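Novice: Sharing a structure below in C-alpha cells format, with a few things to ask.
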Amino acid sequence: MKYLNQHEAISVDEELFNEYKFSVDQLMELAGLSCAHVINDCYGSPQSTVKRKVLVCCGPGNNGGDGLVAARHLKLMNFDAHVYYPKRTEKDLFINLQHQCESMGITVSKDCPTLEWVEGEFGLIVDALFGFSFKPPVRESFAPIMDVLNKSKVPIVSVDIPSGWHVEEGPQDECNIQPDCLISLTAPKLCAKKLTNAKHYLGGRFVPPKLQDKYAMELPTYEGNNLFVKLS
C-alpha cells in the first residue's frame with residue numbers, strides 16, 4: 001500500500017472533483033460517515049471502558065467538515081458529541097453542516113475548552129482541525145486548542161492527519177500530538193509512518209479503481225459492506 005506525499009494527496013483530491021465529478025458534499029459525507037463507523041468500532045462496544053462523550057474539534061477547512069459530519073453520525077450512534085468549531089466560513093455547505101448538528105441537539109461552540117474541563121468531561125477527542133494541505137507552523141489562533149490536545153490524557157482520534165504534523169515528516173517540536181487512533185482517508189499519507197503505538201484505520205470507500213491504478217495506491221480490500229479497513 002502506498003503512502004501519499006502532500007502533492008499526490010492534493011492531486012488525487014483534485015481528480016476526484018474534476019475528472020470523476022464528485023462533489024465536496026459527497027466526499028465529505030462519505031469521509032465523515034466512515035470516521036464515525038471507525039470510532040464506533042474502536043470505542044463503542046459494550047466492553048469499551050471509554051466514556052461515550054466525545055469532543056469533536058473542527059477546523060475551518062474540509063477536514064473540519066469531515067468532523068462536523070462525524071459528530072452528527074456519532075450522535076445517531078448514541079455518542080454524546082460536543083463540537084468545538086472556532087473559525088467558521090460563509091460557505092453554505094459548512095453553515096448547513098453546523099445547522100444539522102445543532103438541530104440534533106449537538107452543542108457547537110467557539111470557546112476553547114480548558115484542559116481541566118476536557119479531562120473531566122470527555123472520554124474521547126476527535127481531532128479534525130487540519131488536513132493534508134496544512135503546512136506548519138500552527139496559526140496563533142489555534143495555539144490554545146493545540147496546547148490542550150498536546151497535554152490531554154484523553155484518547156485522541158485524528159482525522160487523516162494528526163493536527164500540527166507535517167504531512168510528510170510527521171510530528172513537529174511545537175505540535176507533537178500522539179493520537180490513540182488515526183483514520184487515514186482515501187489513502188494513508190507519509191506522516192502515518194511516524195505513528196507510535198496507535199491504531200490505524202483507512203476510510204473513504206469511494207476511490208475509483210482507475211484512480212487507484214494511476215497512483216499505484218494498492219489499497220487494501222474493504223470487506224463486505226464495511227466503510228473502513230483496520231490497518232494496524
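First residue shown is number 1, and so on along the chain.
Note: Cβ is positioned from N, Cα and C throughout, glycine not excepted.
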Novice: Do you know which of S34, S152, S163 Swiss-Prot groups with N63, D127 in the K(+) site?
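Specialist: Among S34, S152, S163, only S163 appears alongside N63, D127 as K(+)-binding in Swiss-Prot.
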Novice: The (6S)-NADPHX site in Swiss-Prot includes N62, N63, G64, G65, D66, G131, F132, S133, F134, K135, P136, P137. Which of D25, D92, D160, D173 is also listed there?
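Specialist: Answer, per Swiss-Prot ((6S)-NADPHX site with N62, N63, G64, G65, D66, G131, F132, S133, F134, K135, P136, P137), from D25, D92, D160, D173: D160.
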Novice: Starting from S163 (K(+) binding site), work out which of the binding-site residues listed here (N62, G64, D66, F134) have their Cα within 10 Å, and give them in sequence order.
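Specialist: Taking N62, G64, D66, F134 one by one, the ones whose Cα falls within 10 Å of S163 (K(+) binding site) are F134.
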Novice: So of G64, P136, which of the binding-site residues has the fewest other Cβ atoms within 10 Å around its own Cβ?
Specialist: P136
Novice: Counting Cβ neighbours within 10 Å across all chains shown, tell me which of the binding-site residues F132, F134 comes out on top.
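Specialist: Of the binding-site residues F132, F134, the highest Cβ count within 10 Å belongs to F132.
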Novice: Helix, strand or coil by DSSP: which one applies to N62 ((6S)-NADPHX binding site)?
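Specialist: DSSP assigns N62 ((6S)-NADPHX binding site) to helix.
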